[in-house]
Amino acid sequence: MGRPLRHPGARSPDLRMIMSATRSGSEPSAALLTAASLASQAAGQGTAMHAFCTQLYPMLRSITGQGVRDTLAAIGHHIPLTVTEVPTGTKIFDWEVPQEWVVRAAWIKGPDGRKVVDIADHNLHLVNYSAPFRGTLTLDELRPHLFSLPDRPDWIPYRTQYFKRDWGFCLTDRQLQALEPGSYEVCVDTDLVQGSMTFGECILPGDSTEEVLVSTHVCHPSLANDNLSGIATATWLAKTLAALPRRRYTYRFIFIPATIGAICWLSQRQDVTQRVAHGVVISGVGDGGQYHYKRSRRGNADIDRIMALMLAESGEAHEQIPFFPYGYDERQFCSPGFNLPMGCFSRSTYGSYPQYHTSADNLDFIRPEHLERSLQLLLTAFGMVERNGTYLNLSPFGEPQLGRRGLYSLIGGHNEGQKLQLALLWVLNQSDGTNSLLDITEKADLPFGLIHQAAEALLNCGLLGEGRTPV
Amino acid sequence: MGRPLRHPGARSPDLRMIMSATRSGSEPSAALLTAASLASQAAGQGTAMHAFCTQLYPMLRSITGQGVRDTLAAIGHHIPLTVTEVPTGTKIFDWEVPQEWVVRAAWIKGPDGRKVVDIADHNLHLVNYSAPFRGTLTLDELRPHLFSLPDRPDWIPYRTQYFKRDWGFCLTDRQLQALEPGSYEVCVDTDLVQGSMTFGECILPGDSTEEVLVSTHVCHPSLANDNLSGIATATWLAKTLAALPRRRYTYRFIFIPATIGAICWLSQRQDVTQRVAHGVVISGVGDGGQYHYKRSRRGNADIDRIMALMLAESGEAHEQIPFFPYGYDERQFCSPGFNLPMGCFSRSTYGSYPQYHTSADNLDFIRPEHLERSLQLLLTAFGMVERNGTYLNLSPFGEPQLGRRGLYSLIGGHNEGQKLQLALLWVLNQSDGTNSLLDITEKADLPFGLIHQAAEALLNCGLLGEGRTPV
Amino acid sequence: MGRPLRHPGARSPDLRMIMSATRSGSEPSAALLTAASLASQAAGQGTAMHAFCTQLYPMLRSITGQGVRDTLAAIGHHIPLTVTEVPTGTKIFDWEVPQEWVVRAAWIKGPDGRKVVDIADHNLHLVNYSAPFRGTLTLDELRPHLFSLPDRPDWIPYRTQYFKRDWGFCLTDRQLQALEPGSYEVCVDTDLVQGSMTFGECILPGDSTEEVLVSTHVCHPSLANDNLSGIATATWLAKTLAALPRRRYTYRFIFIPATIGAICWLSQRQDVTQRVAHGVVISGVGDGGQYHYKRSRRGNADIDRIMALMLAESGEAHEQIPFFPYGYDERQFCSPGFNLPMGCFSRSTYGSYPQYHTSADNLDFIRPEHLERSLQLLLTAFGMVERNGTYLNLSPFGEPQLGRRGLYSLIGGHNEGQKLQLALLWVLNQSDGTNSLLDITEKADLPFGLIHQAAEALLNCGLLGEGRTPV
């Protein structure tokens with residue numbers, strides 16, 4: 001600014017010292033959650049996250065069944081997880097929990113008696129939720145049950161038929177073209193039984209009963225980006241947040257089958273939905289595409305603004321997408337009866353890349369560094385969620401004397417100090433009880449971390465009070 | 001989208017069958033008013049509309065008098081019309097109904113005794129509302145009473161002097177230049193008498209007493225675009241809507257003298273103004289210029305948004321104009337005491353083309369195809385007015401099961417089916433009782449017709465209820 | 001427009017006559033305050049304003065002391081001024097009034113016994129608020145007390161150290177470089193005593209007790225643009241407004257030390273702050289830079305919109321700046337406890353030019369024509385403040401008959417008359433009690449003066465009434 005500072009003070013205080021001093025009372029957690037300290041915990045986690053995906057890849061997941069249970073068990077080795085089984089036939093809003101799918105074997109033997117397709121080779125070979133069948137068919141009779149991708153002759157497509165009692169096989173187009181006329185023996189050794197639908201929850205209690213809800217689906221078999229990347233990232237997020245000595249919000253991570261699983265969870269946890277203050281669906285965060293955030297139905301919820309701010313501060317190329325009522329499970333969480341403040345965080349979006357829902361969405365398609373970066377960005381966003389608040393300037397008539405409280409940087413102070421000084425003035429000027437730190441950040445066009453740092457310093461000095469409890 | 005649809009259903013329903021099924025209760029009319037069915041009735045009407053303009057062209061209209069009565073009588077052959085006479089001297093707000101103008105003859109004879117100007121040749125030759133006069137004048141004495149357009153030497157201008165007791169003649173500049181010095185005999189055989197002001201109304205009752213008001217002026221003599229195009233289009237609109245077995249709104253078409261006629265109608269129908277839900281002034285819709293819609297004083301009334309949407313969907317080049325308090329009779333309907341939700345629909349606008357208010361605004365200046373297209377667009381807009389509504393998703397917790405209700409298109413369904421599926425999801429997601437179909441259309445960026453089709457299907461299935469009665 | 005006017009009227013009235021006719025009752029002042037009549041009073045004042053700056057330039061101003069008192073005494077020769085002394089130690093919100101600074105002499109003698117720096121040569125040589133000191137130092141001991149601008153070797157910087165008990169000298173870098181090793185005698189013959197802080201107020205009573213607050217700081221010694229330009233302009237503004245026979249608002253001009261002086265005034269005049277309807281901080285208005293207006297914290301106060309409109313109508317290149325909580329005293333007036341509707345008006349902004357806070361901000365840096373133009377623009381803005389109001393169309397049903405009231409210009413009227421006619425229609429259409437003349441001006445995109453002229457004409461005709469008292 002060039003104008004001489006009027007309050008040089010006897011000695012410049014070390015602001016980090018002021019900030020780390022224990023403040024009596026409410027928010028010791030916040031001090032721990034500096035942007036750096038929380039997000040930095042992502043460092044080096046990519047390799048372990050990718051290894052976890054590798055462990056989960058072979059499991060045969062569907063919207064029900066053993067694959068989901070095995071997946072949840074693996075997650076439970078990393079974070080505290082509660083598993084809920086909802087019996088077949090249970091009424092869940094407009095739906096019922098379907099029969100559980102049991103798979104023992106599934107193959108087709110060719111005219112020469114050799115297996116031409118076998119689920120033992122790849123989970124995607126069997127159309128998901130295929131009903132049991134045993135028989136011998138001509139190639140022509142068999143064809144309507146076979147699905148391939150002619151323009152991607154080496155990839156196996158992923159298909160489901162949850163609500164149609166039928167069976168089918170997916171194979172590469174090269175496999176399909178090689179089939180010769182003749183007699184084919186088909187074995188679909190599956191069952192649809194009275195069982196249950198399974199979901200997992202990891203709850204990390206916080207100072208408040210208000211919750212941050214993180215959802216990812218667990219129903220895709222042997223697909224890496226569209227499923228495993230979300231599971232691994234959500235698991236590591238939970239693991240990192242669980243290690244904090246204290247959290248302001250209660251965090252709930254849910255691992256659910258898509259669509260009907262989301263509807264099932266919503267019907268079983270209607271009381272919880274009342275307490276969701278912020279939320280995010282995580283999906284497709286391991287590939288190399290640019291980041292996308294799809295806003296909640298509300299359009300301008302705090303989580304929407306925080307994600308926008310975090311992505312802008314991250315320096316990553318990214319795009320924000322307005323809400324639309326299809327895509328991932330945000331379509332359920334944002335149905336009009338709930339209208340939760342939840343968007344969807346992803347790299348490449350739903351259905352936008354050729355590998356999507358094919359065997360090419362494999363463990364090579366996702367990279368440790370992409371998983372790690374996604375974890376880091378989400379931790380940064382949750383750091384903002386934790387640290388945002390609305391305060392009250394307790395000395396609102398003119399500017400208070402920052403100098404005698406040691407808050408003013410020295411004459412000719414370094415650039416960072418000048419920015420902090422602006423942040424102090426912004427926080428004081430705007431803290432009339434209506435503006436959150438997020439609001440102030442948007443107006444001041446300064447980093448959120450700096451605004452929060454200023455607010456902490458002012459809280460420690462008694463110049464700022466709790467205007468409105470943040471949750 | 002690429003994601004496998006989860007509810008293929010046993011068989012794909014024919015959505016048109018579902019939609020045409022009789023729904024018990026409220027809105028049978030809506031089914032008839034598909035975009036196609038209503039707007040398509042414009043097809044082939046252009047010729048008859050132009051012929052009607054040709055019939056009306058020779059009548060000597062003014063703000064009062066026989067020309068207006070003859071015009072209303074001709075309109076009355078096409079639609080049910082009530083004619084109201086308001087006597088001279090009647091107080092109409094800040095004004096009084098003026099004396100009625102009677103014209104028997106008007107001409108000027110030159111020094112050689114031959115008529116140089118004669119109203120029998122063209123109605124525009126006499127300045128409208130000229131007071132009676134008889135006398136012989138020199139050319140110099142006559143000149144202040146003669147009006148021409150020097151830069152358009154073959155066109156006769158249109159002039160009025162309603163509030164000044166004087167007389168005058170309009171002629172081509174070629175006629176004016178040809179006049180030689182000498183003695184001119186002037187005959188203005190007119191009268192200004194205790195009579196009345198006349199207007200016509202066509203009322204088409206609907207389910208609701210709320211009204212859609214359509215206004216056009218009937219006071220211009222022998223001007224085609226600026227008057228006859230509006231009269232013909234309003235008449236054909238009324239004729240088409242009258243043929244419907246049922247209407248949701250009551251429609252009122254008013255055929256009134258401009259300005260003072262609008263004030264007169266407003267003063268005589270103050271009760272009606274309370275019930276106007278939507279309205280439009282129609283003027284200048286027969287020429288080849290691009291379309292314009294001038295928004296109402298409210299700026300964002302439903303009719304403003306519907307006109308904007310209709311024009312955007314039409315593919316026509318067009319422009320929207322913010323309200324300003326001059327122009328056509330919207331300036332009266334939008335005076336602060338009424339502030340009706342009425343804009344003005346036109347092709348070339350008020351005063352913007354050289355032919356405006358001259359003899360060149362003749363029957364060649366308007367074309368059957370332009371009249372027909374204007375009719376078609378207005379029918380499309382009224383189709384939207386009729387079909388707009390605000391509904392309530394009766395299964396608002398998560399998505400309802402569309403499959404078992406036969407609403408989901410087949411796997412790999414055609415493009416149109418996919419769009420309808422998106423429309424179904426948009427209507428379900430947004431129908432929380434606050435968003436009208438118009439709101440949803442704007443958010444979804446899908447055609448209004450598709451959104452309405454989805455709403456109808458959902459109403460028929462019982463998934464949607466009447467959130468708020470639309471009128 | 002092209003359309004024939006319907007109300008030519010027998011004779012066109014002279015609108016200026018109508019407007020100058022005495023209207024019974026409320027606002028005789030407004031008639032005097034036509035844009036031209038008020039702003040025109042700036043003409044020729046630049047020379048006297050610059051001469052006043054020249055008179056004030058040598059005074060040694062600081063945040064307290066005799067320099068401020070001498071400055072206020074000089075202002076008091078031009079306008080009625082009340083001077084308030086607030087004793088040292090008085091609690092003013094979070095601060096206390098500091099000790100008063102007394103300066104008798106300050107110099108440094110070189111090894112040869114000759115004075116190398118002397119406050120008698122330039123007020124900026126002594127660091128403002130230097131504590132008393134007497135002693136002999138080596139050049140090395142002296143250096144930490146000496147300040148220069150290496151990149152501007154002929155300019156003396158301006159430095160203060162209000163809150164640090166120390167002393168220092170400012171000198172040109174050429175002077176500094178010329179100093180030879182040896183023994184230096186230093187004399188800082190100052191005192192910091194129990195005294196007072198001084199500010200001046202000029203109050204011009206108006207019809208309303210609501211106030212327009214104009215603030216400028218008086219604490220900078222021998223700096224021309226950053227201080228004297230504001231003092232002179234505020235003084236001449238007050239002088240011009242004082243000469244009016246009547247004002248609608250009460251005007252309060254305050255001449256205060258910056259920052260702590262603003263806080264002191266606010267603490268002493270808390271009751272007044274309740275009555276501030278509009279305000280502006282004036283600073284840096286004598287240089288040749290383009291105009292800037294920094295908006296109030298409210299962002300869209302009437303004064304913000306008026307300044308924007310005035311600058312747009314002025315034809316001057318200019319920039320509007322959103323509020324930020326540092327800069328001049330708007331940071332105090334806009335602190336959250338007050339949040340006054342006050343912005344800051346300047347040419348070159350705070351700290352943005354090299355001469356800022358150096359001896360180069362001298363009497364040559366400011367020009368009579370720049371001072372005069374600033375006065376003129378502020379008078380124009382205050383003319384808008386005085387003339388703005390919200391009225392009620394008393395004939396709101398359709399358009400009233402302007403013709404019989406002589407308000408319609410003649411057929412083919414001149415261009416200015418047509419614009420006035422549009423203004424009349426805009427004022428009538430929008431005056432429903434919610435739109436001020438400022439609102440109408442913004443919507444109509446016509447000059448404010450024309451809208452006000454139309455409103456006056458309509459008030460005189462009885463077509464408009466006092467909707468809401470403007471203050």
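Cβ coordinates are placed from backbone N, Cα and C, and glycine is handled just like the others.
What you are looking at is a predicted structure, and each value in this text was computed from that prediction instead of being measured.
As annotated by TrEMBL, domain 'DUF4910' applies to A:50-388.
The domain 'DUF2172' annotation in TrEMBL covers A:100-190.
Under the three-state DSSP scheme, A:ASP226 (Zn(2+) binding site) falls in the helix class. TrEMBL lists A:HIS220, A:ASP226, A:HIS357 with the feature Zn(2+) binding site.
Helix, strand and coil counts under DSSP for the domain 'UCP01524 winged helix-turn-helix' (A:390-464) come to 41 helix, 10 strand, 24 coil. Summarising the annotation, TrEMBL assigns domain 'UCP01524 winged helix-turn-helix' to A:390-464.
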> If you measure Cβ to Cβ, which of the binding-site residues A:HIS220, A:ASP226, A:HIS357 are under 8 Å from chain B?
Replying inline: A:HIS357
> Considering the binding-site residues A:HIS220, A:HIS357, which residue's Cβ sits among the greatest number of other Cβ atoms within 10 Å?
Replying inline: A:HIS220
> Other than its own, how many Cβ atoms are within 10 Å of the Cβ belonging to A:ASP226 (Zn(2+) binding site)?
Replying inline: 29
> What are the other residues, in sequence order, whose C-beta lies within 8 angstroms of the center of the C-beta atoms of A:HIS220, A:ASP226, A:HIS357 at the Zn(2+) site?
Replying inline: A:TYR158, A:LEU223, A:ASN225, A:ASN227, A:TYR356, A:ASP361
> Between 0 and 100, where does the mean pLDDT of the domain 'UCP01524 winged helix-turn-helix' (A:390-464) sit?
Replying inline: 89
